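What follows is a short report on a single structure.
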Amino acid sequence: MILSLAAAAAMSSGSGGSFNSSPLDPFDSSTSWSLGEDFSNSSSEPFARTVTPDYQPAATAVAVQEVSPWDIALCVTGTLISCENALVIAILFYTPTLRAPMFILIGSLAVADLLAGLGLILNFVFTYLIDNSLEFVTLLSVGLLISAFSASVFNILAITVDRYLSLYNALTYHTERTVTFTYMMVVFIWVSGLTLGLLPALGWNCLRDETSCSICRPVTKNNAVALAVTFLLVFALMMQLYLQICKIAFRHAQQIAVQHQFLAISTTKGVSTLSAILCAFGACWLPFAMYSIVADSSYPMIYTYATVLPATCCSVINPIIYAFRNPDIQKSLWMACCGCVPSNLSLRPRTSSDV
């Protein structure tokens, strides 16, 4: 997906200069010659005549592909994404107590975002260090990015479903059936993500017909619209689930009216947190989804970069929202870093929906 943006930007910036490695041709009109006479020789012998080529700077300058600052920003973002999510995966892997359904989904989200970050880094390498004109390189980069980001979005939806079920079926949430359902969701997420990523390699690309390209070459316009509409449906479903979560939370607060002030403050804080999560997700992905629907390859490349970069930043925010805010993961992180746990974390009870 991102590889086509960098290739187009590099071709437009690098077309102004070229390098001619062929031998000097006296009949080549691009090379001018000058006749120089050495008048400093005052002897009686004929003065020496030298014929030297007068090189033009444009003809001898080596064409260096200019690095786009947008690609640098995407590469840096990918590096940050990879480091954050690698830390989350390491914590979940080396902490045996973190095996609840919500941690399975957090780990799946971290793997998806890690692959997305590596995809952004590989995109930079393929663009500036490897011949990106090869179809295999283009399709590999695009397929990896589509699969990773699609799995990331689907994992966020699955975490939202898990939050809803933890409140709606609080008594049966920790049963074996819930664990089986969680694994089924993870399998469905990755099968869907890999299927979407393989579509360009299976022929859904515009390598043979440039007029059908979307804003992200070689993804076709129809394929990009389908992905954008799928995201909008996922976002609408998340909004509905979060609305139901808020209703359940307020209903529980009214039923357990023991400490009115505390419950009101706690419920309000929870609703504010859910609103911030939903707004952050929408702010990152909505601009790119809407732009993918209305734009095509003829639109200026800077607009595509300006919408792609916030979408990739969602994978930077995900570990902070879904992993590092969790008290159990915070305890494991403190134990790994300094071998101790702050008192405010050790005394805080864990809730099934605290993700």
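Placed from the backbone N, Cα and C atoms, the Cβ positions cover glycine too.
Fair warning: this is a prediction, and the values are worked out from it, not measured in the lab.
What TrEMBL lists as domain 'G-protein coupled receptors family 1 profile' is 84-322.
The annotation transmembrane segment is assigned in TrEMBL to 70-95 (among others).
Outside the transmembrane segment (102-130), and at least 6 residues removed from its termini, the chain residues within Cβ reach (under 8 Å) are 2-3, 6-7, 10, 65, 67, 71-72, 74-75, 77-86, 88-89, 92-93, 137-138, 140-141, 144-145, 147-149, 151-152, 155-156, 158-159, 162-163, 166, 179, 182-183, 185-186, 189-190, 193, 312, 315, 318-319, 322-323, 326, 328-329, 352-353, 355. What TrEMBL records for 102-130 (among others) is transmembrane segment.
Sequence annotations record features per position, and here TrEMBL assigns transmembrane segment to 136-161 (among others).
Same-chain residues lying 6 or more positions outside the transmembrane segment (181-204) and placing a CB less than 8 Å from one of its CB atoms are 101, 104-105, 108, 112, 139, 142-148, 150-151, 154-155, 158, 161-162, 218-220, 223, 227. Taken from TrEMBL, the feature transmembrane segment applies to 181-204 (among others).
Among the features that TrEMBL reports, transmembrane segment is placed at 224-250 (among others).
The transmembrane segment annotation in TrEMBL covers 271-290 (among others). For the transmembrane segment (271-290), the residues of the chain that approach it from at least six positions outside its boundaries are 153, 156, 228, 231-232, 235, 238-239, 242, 245-246, 249, 306-308, 310-311, 313-314, 317, 321, judged by C-beta separation under 8 angstroms.
Positions annotated as transmembrane segment by TrEMBL: 302-324 (among others).
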Stretch in 70-95, 136-161, 302-324 most in contact with the transmembrane segment (224-250), if contact is a CB pair under 8 A: 136-161
For the transmembrane segment (70-95), sequence-distant contacts whose Cβ falls under 8 Å of one of its Cβ atoms, 6 or more beyond its ends: 2, 5-6, 9, 103, 106-107, 110-111, 113-114, 116-121, 123-124, 127-128, 302, 305, 308-309, 312-313, 315-316, 318-320, 323-324, 328-329, 332-333, 336
